[in-house]
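Student: First the structure, which I've put down as C-alpha cells, then a few questions once you've had a look.
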Amino acid sequence: MYCVQCEQTMITPKGNGCSFSQGMCGKTAETSDLQDLLIACLHSLSAWAVKAREYGIINHEADNFAPRAFFATLTNVNFDSARIAGYAQQALIYRNQLIKAVSAFESNPTLDHPLANIELNGVSVDKLARQAKQFALDTDRAKIGEEAHGVRLLCLYGLKGAAAYMEHAYVLDKFDNDIYAQYHGFMSWLGTHPSDLNELLEKALAIGSMNFNVMAMLDAGETEHFGNPVPAMVNVRPVKGKCILISGHDLKDLKELLEQTEGKGINVYTHGEMLPAHGYPELKKYKHLVGNFGSGWQNQQKEFARFPGAIVMTSNCLIDPNVGDYADRIFTRNIVGWPGVTHLEEHDFSPVIEKALECDGFPYTELEHLITVGFGRKTLIDASDAVIDLVKAGKLSHVFVIGGCDGDKEERHYYTDLAYALPKDTAVLTLGCGKYRFNKLDFGTIDGGLPRLLDAGQCNDTYSAIMLAVTLSQKLGIGLNELPLSIVLSWFEQKAIIVLLTLLALGVKNVYSGPSKPAFLNDNVMALLHEKFGLSGLTTPEQDFGHIIGKNA
C-alpha cells in the first residue's frame with residue numbers, strides 16, 4: 001500500500017504516506033492497492049479512447065464510466081474491494097470495445113503506451129490484489145526524484161477531483177465530448193509516467209483550465225434542474241418526528257428522496273455539502289426538508305450515531321459506520337461503498353424510508369437556530385453593483401473567500417479564528433464543508449444590508465466566486481489580482497486540489513492554503529509554487545491578515 005493523496009496521510013521521519021495494513025482514512029491496504037490497479041486500467045482505457053477519436057470513434061458509455069470509476073478512488077468514497085475490482089474489469093471491457101472499433105480502420109491495432117495492453121490476472125479479489133502491487137504509485141519515485149513525482153501526483157489528484165465534478169455534472173445530464181477528449185488525453189499521458197518537471201507543471205495548469213469548464217457545466221446542470229439559488233434561512237436544530245439524513249453532493253438524489261418521502265410523515269435533513277440545497281427553489285419548496293443536521297464530515301461517527309433515523313451517503317465523505325454502530329441504517333448511493341453497508345443501485349429509496357419509519361425519530365423540537373445560505377452565482381452577480389458601491393463608499397474594505405474541505409486537525413481552528421477576527425468592514429464568502437468552522441456564528445451585516453457571511457454553496461461552487469470576481473474586475477476595469485479580494489483555501493482531498501489548480505490556471509495569485517502542505521509536495525515544489533504563483537502556506541490569522549492587507553494597500 002502507498003497512498004498519500006489526502007491531508008490525514010501518515011507523515012513520519014522515514015517518509016510520507018499510508019503504507020501499512022490500513023490507511024488513516026480506514027481504507028485497507030487491499031482496497032488501496034486495488035484502486036492503484038483500477039487507475040492503471042483507466043490509463044489503458046483512456047489511451048485507447050484517444051486513439052479511437054483519431055477515427056471519429058466515441059464510446060459514450062466508456063466516456064461516462066471512466067471519470068465515474070476514477071471518482072471511486074477519491075478519499076472517503078469507496079472502501080469496497082469487490083466493487084473496485086469490478087470497476088477494473090469493466091474498464092478493460094470498455095477498453096476492448098474501443099480496440100475492436102479501431103480494428104475496423106487498422107488490422108491488429110497497436111498503441112505505443114506502457115499500459116495499452118494491460119490484462120487482469122483473474123477475477124478474484126485476492127488474485128487482483130496481488131497483481132495490484134506492481135502498480136503502486138511510488139514505484140519510480142526514487143528514480144525520477146521527489147519533485148517530479150510530487151507534481152505528477154498533483155496532476156493525478158487534480159484530475160481525480162475534476163473527474164468527480166464530471167460525474168456530478170453527468171447525473172444532471174451535462175457532459176461535453178470535448179471535455180471527455182481532454183480528460184482522456186490527460187489520463188493517457190499520466191499512464192506514461194511523465195517525469196519532466198516543466199511539462200508536469202504545464203499539464204497541472206491545463207487540467208485546472210479544463211476543470212473551469214467542468215464547473216461551469218455542473219453549475220448549468222444544477223441551476224437548470226433546481227433553479228438559481230436564492231438566500232434562504234435554514235434551521236440547524238432538530239424537529240420532532242421520523243427522519244432521514246442525506247449527505248454528499250448529489251442534489252438529484254435529494255430531489256428523488258424528497259419526492260418519495262412527501263406525505264409519509266418523515267422529515268428530511270441535509271448534512272455536510274448538501275446544506276446549499278436549501279437555497280434551490282425546486283428543493284426548498286418541499287416543506288418536509290426541515291433543516292440541516294451536524295457539522296463537518298469528520299464528526300459524522302459521533303453525529304450519525306445520535307441521529308435517530310436513516311442516513312444516505314450520495315458521494316464523499318464516508319468513514320467507518322461501524323464505529324458508531326449505525327451501519328444497519330446507513331445506505332450508500334452512486335460511487336460510494338463500504339463493505340456490508342446496503343448499496344442502492346437506483347433511485348428507489350424504499351429501504352431508506354422503511355428504516356426511517358422503524359427508527360424512533362426526534363422526540364421533540366428544539367429551539368430554532370437559523371443560518372443563511374443561497375448566495376449562488378446569479379445572486380452574487382446581481383449584487384455586484386451594490387458591492388462596488390460599498391467599496392467606493394469605504395464601507396467594504398475587503399472580501400475574503402474562506403472555503404474548501406474540512407478535516408479533524410487541531411490547526412483547522414485557524415479558519416474559525418481568522419473569519420471571526422476580521423474587521424467589521426470586511427465580508428466572508430464561503431463554500432465547501434470548510435464553512436462549518438464558522439457558519440453558525442453571527443457576522444452581522446455591512447451598512448445594514450449586505451450580510452458579512454455569504455454562503456456560495458458546495459466546493460464546486462468556487463465557480464460562483466470566480467464569476468463574481470470576474471464581474472467585479474470587468475466593472476471596475478482592473479485585473480483579478482488587483483481586486484480587494486483574497487482566497488484562503490482549506491484543503492483536505494482531491495477536490496480542493498483541482499479547485500486550487502483551477503484558480504492558478506485562471507491567473508489568480510497569492511492564494512493562501514492550509515492548514516498544512518500536501519504530503520506529496522516537498523519544500524522545493526512549494527517554494528516553486530510560491531515563486532510562480534504566490535501560493536503561501538498559513539502562519540497565524542493575525543500575521544496572514546497583515547500580509548494580505550499589506551499587499552492590497
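From the backbone N, Cα and C atoms, a Cβ is placed for every residue, glycine too.
Below, the features straight out of Swiss-Prot:
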BINDING   CYS3, CYS6, CYS18, CYS25  [2Fe-2S] cluster binding site
BINDING   HIS249, GLU273, CYS317, CYS405, CYS433, CYS459, GLU493, LYS495  hybrid [4Fe-2O-2S] cluster binding site
MOD_RES   CYS405  cysteine persulfide
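Any idea what these are sitting next to in the structure?
Tutor: Counting every protein chain shown, 22 other Cβ atoms lie within 10 Å of the Cβ of CYS18 ([2Fe-2S] cluster binding site). DSSP assigns CYS18 ([2Fe-2S] cluster binding site) to a strand segment in the three-state reduction.
Counted within 10 Å of its Cβ, the other Cβ atoms near CYS433 (hybrid [4Fe-2O-2S] cluster binding site) come to 28, all protein chains included.
In the three-state DSSP assignment, the secondary structure recorded for CYS405 (hybrid [4Fe-2O-2S] cluster binding site) is coil. Counting only same-chain residues at least 6 apart in sequence, those with a Cβ under 8 Å from the Cβ of CYS405 (hybrid [4Fe-2O-2S] cluster binding site) are GLU7, GLY432, CYS433, GLY434, CYS459, SER490, TRP491, PHE492, GLU493, LYS495, ALA496.
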Student: What number of additional C-beta atoms lies within 10 angstroms of the C-beta atom of CYS3 ([2Fe-2S] cluster binding site)?
Tutor: 26
Student: Please classify the secondary structure at GLU493 (hybrid [4Fe-2O-2S] cluster binding site) using three-state DSSP.
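Tutor: SS state of GLU493 (hybrid [4Fe-2O-2S] cluster binding site) = coil.
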Student: Other than its own, how many Cβ atoms are within 10 Å of the Cβ belonging to CYS6 ([2Fe-2S] cluster binding site)?
Tutor: 27
Student: Cβ within 8 Å of the [2Fe-2S] cluster site's Cβ centroid: which residues qualify beyond CYS3, CYS6, CYS18, CYS25?
Tutor: VAL4, GLN5, GLN8, THR9, MET10, GLY17, GLY23, MET24, LYS27, SER32, THR75
Student: In whole Å, how far is CYS317 (hybrid [4Fe-2O-2S] cluster binding site) from CYS25 ([2Fe-2S] cluster binding site) when you measure between their Cα atoms?
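Tutor: Cα of CYS25 ([2Fe-2S] cluster binding site) to Cα of CYS317 (hybrid [4Fe-2O-2S] cluster binding site) measures 10 Å after rounding.
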Student: When you measure from the Cβ of HIS249 (hybrid [4Fe-2O-2S] cluster binding site), which residues in the chain that are at least 6 apart have a Cβ under 8 Å away?
Tutor: HIS168, GLU273, MET274, THR314, SER315, ASN316, GLN458, ASN460
Student: Taking the centroid of the Cβ atoms of HIS249, GLU273, CYS317, CYS405, CYS433, CYS459, GLU493, LYS495 (hybrid [4Fe-2O-2S] cluster site), which other same-chain residues have Cβ within 8 Å of it?
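Tutor: In sequence order, the nearby non-listed residues are GLY272, TRP297, ASN316, GLY432, GLN458, PHE492, ALA496.
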Student: Test of understanding: give the count of other CB atoms lying within 10 angstroms of the CB of CYS25 ([2Fe-2S] cluster binding site).
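Tutor: A count of 21.
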